[in-house]
Amino acid sequence: MAREDRSWAVLAVILSVVGFLAAAVLVAERLAIFQDAGHRTSCDINAWLSCGTVMRTPQAELFGFPNPFIGIVAYAVVAAVAVGVLAGARYARWFWWLLWLGTAAGSVFTLWLWWQTTFRINALCLYCMVVWCAQTYLLAHTTARMRRAGMLGGAARPGAGSAAWAWLLGTAVLVVLFGVIAVRFATVIFA
């Protein structure tokens, strides 16, 4: 196994576990709200930093069930693929493309949820922010892995510095997202 694949797999396991745990906490909190409508979630800090506020909106159940269930399943799949890579599994090109498409779709969904919390719901969820970070880096590094393997056009380019740009790109995206949040919520953050 190439060093780059091992690096991707280790990072994918870490990011998937972080995303999975954040999604699991969100599911547990949502189930507590189902049992007690007045439940105060562990991250209800104030009016604008409140998982409970976000969880009680239609956006939190876009497909008729709590969104974090999607995260639990998706992160478990990515973790399983990454553990397979660490164990020596070799996946077909189409499989990597499906993994990348799923990761990209998850990132688009996460971006939509960021937009909803920032501009429609007017409240933020700490555990959701953990998912935003994990998902952003997961997409950046999975894209870099695809590039190194020559799956995004061109020849395979092991060691082409893709991991460095993936960290840079992921961080740049998060700086923009959290910068927008800082501007959007400036009156309450800096009050």
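Glycine residues also receive a Cβ, built from the backbone N, Cα and C atoms like all the rest.
Because TrEMBL annotations are produced automatically, they should be read as predictions rather than curated entries.
The feature domain 'Vitamin K epoxide reductase' is assigned by TrEMBL to 5-146. For 7-28, 69-87, 94-115, 121-144, 165-190, the entry in TrEMBL reads transmembrane segment.
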Model confidence over the domain 'Vitamin K epoxide reductase' (5-146), averaged pLDDT: 96
Beyond the flanks of the transmembrane segment (94-115) by at least 6 residues, Cβ under 8 Å: 59, 67, 70-71, 74, 77-78, 81, 128, 131-132, 135-136, 138-139, 142-143, 145-146, 149, 151, 177
Beyond the flanks of the transmembrane segment (7-28) by 6 or more, those residues with Cβ under 8 Å of it: 42, 51, 55, 66-72, 74-76, 78-79, 81-83, 85-86, 125, 127-128, 130-131, 133-135, 137-138, 141-142, 144-145, 163
